[in-house]
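Structure first, commentary second.
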Amino acid sequence: MKLKMGTETEVEVNKRKGGLRTMPFIILNESFERIASYGSQTNLIIYLMTYYSMSAANGTSIIGIWGALSGGLAIVGAIIADSYWGRFNAVVYGTIFTFIGMVILWLTSMIPQLTTLACSHFQYVCNGPTAFQLAVLFTYFAFTSVGAGFVRPCSIMFGADQLEQKGNPENKKIIESYFNWYYASTGVATMIAVTVIIYIQDRFGWQIGFGVPVILMVLSVSTFLIGSPLYIKVKTDKENLLLGLFQAGVAAFRKRKIRLPLTGCDDYYHSPYETEVLSPSKDFRCLNRACMIEDPQRDLNPDGSASNPWNLCSVERVESLKALIRILPMWSTGIMMFVDMNVFAFSVLQTKTMDRHIFPHFEVPAASFSVFLIIALTIWITFYDRVLVPLLSKYTGRSRGLSPVTRMRIGLAVSCMSMALSAITESIRRKRAIAEGHEDDPHALVNMSAMWFVPQYALLGVAEATHGVGQIEFFYTLLPKSMASIASAICTVGTAVSSLIGSFLVSSEDWLTSRGGKTSWLASNINKGHLDYHFWILAFMSFLNLLYFLVVCRFYETENDEMSRSPHVADEEECDYRLLHES
């Protein structure tokens, strides 16, 4: 038995497949992948500065561009998954690509000729990495970017596929709760990455520190494949999704001067794969021209299909394009928060200069301080889902307590507060370092506890949890089922754009503030630089972004918070007469 879902998607309905029994395999796959990926990435700035003779600014810029590439490829991975491979195959191939990348990084720590460290044994001055060494390093970046491009947008939605139950009144609540717990589980995985893996790297060296993620990637692929017989595997869209959306835009542009009265729903072209008759929505009415049948003899083939898809598209494809356009303004408001998240490279340099002891004989690795962000994220998600939702739902009348838009607003405000606190904390640290005579020694320990950084990390964790879950719920609700992977990919693309913005901001600040022989704000010697100024700029930009968010919210009706992804089904009365107004 097969059941139609979304616009052109079919799901195999089998009582023996899907459900909660598949969650351990999916969650473990994602968890192992995240532990391996984040465990290798968090300390990477130290590795680049030590073994590739890079400055703090250059290393941070490269990591930012790498993050942008990984995020940008997520939209490509989502489209390939929805149109060709399916989400199951996309997760498998993506995990394998990440595994290959991890092996390459591990080899750079095993083979001295692949890094610049060897030159320091024979030369007083190292000329930096060779073209071959950089090529090997960038190959690692490329493979892990492609892997992330498939895994990030598809894994979370593949899990949602297993829980989707059409007709179940509790289904929406189950899916939304799943998003919260998925974020929590990935938070725990990231926590392990920035503690255990970082500790192994600091304690046992890079060879073992990069070798453990390789083993974890083997477990990631194996775990996911073991659960294969239990999965519900959503079949791909029968048409190229990206091409179809582009065709809808072209068709609407070609018919931009047409103004025809419509006397019935038969005047719209509908997908032959759909059993329900849908009518175009009233917003973005200029796009409705793309699905208008002007001349049936010319526009349609004998079998009822469109003779020229560049001139006539289905109502369902037009509605998919509209859904994508609807979410773009809200998507753009989240970019700045991800820019704020890209401060960890400099944060590692900060915490390395401070007292990191929690107990007399236990010192927290500098790169592990982001664990406080993950702890705050996990605690907040659990507290919100288990405690606040039942309480708030009684007063707001919403099943999830607060609407996704409200949660996104709170997340952006908290992110702004985190950046302001980061600027204040760094200003105190820098003044104390100079007062103690460490201005020329960036490696000297300042008589100040690194625990000062915990509040700003905690605020950033709450911001990500509140905004991130709210954003993906908002997108998942507005986009049709056939674009489910794109709903997740849109968030990941936001991180890509933020990485580019962050890299551009760092490079620009470094260039502008170092002109005339001055010391850059972002100098590798952070005691001479002014990281606090950089954080103040981020705080100001975050505040402006919050104002922008409030403006964007005015374009969304309040009921959109609870909108269904299902297209509007036309009834007979609606189809009696309709006039397409100029838009």
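From the backbone N, Cα and C atoms, a Cβ is placed for every residue, glycine too.
In TrEMBL this protein carries:
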TRANSMEM  60-81  transmembrane segment
TRANSMEM  88-111  transmembrane segment
TRANSMEM  131-151  transmembrane segment
TRANSMEM  181-200  transmembrane segment
TRANSMEM  206-232  transmembrane segment
TRANSMEM  327-346  transmembrane segment
TRANSMEM  366-384  transmembrane segment
TRANSMEM  484-506  transmembrane segment
TRANSMEM  533-556  transmembrane segment
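Under the criterion of 3 or more C-beta pairs below 8 Å, with sequence separation of 6 or more, the transmembrane segment (60-81) and the transmembrane segment (327-346) qualify as touching. Taking Cβ pairs closer than 8 Å, the transmembrane segment (206-232) reaches residues 11-14, 16-18, 21-22, 24-26, 28-29, 32-33, 35-37, 39-40, 43, 47, 51, 88, 91-92, 95-96, 98-99, 102-103, 105-106, 108-110, 158, 161-162, 164, 197-198, 200 in its own chain, all 6 or more past its ends.
Ranked by the number of CB pairs under 8 Å to the transmembrane segment (533-556), the listed stretches 181-200, 327-346, 366-384 are led by 327-346. When Cβ-Cβ distances under 8 Å to the transmembrane segment (181-200) are tallied for each of 131-151, 327-346, 366-384, the top count falls to 366-384.
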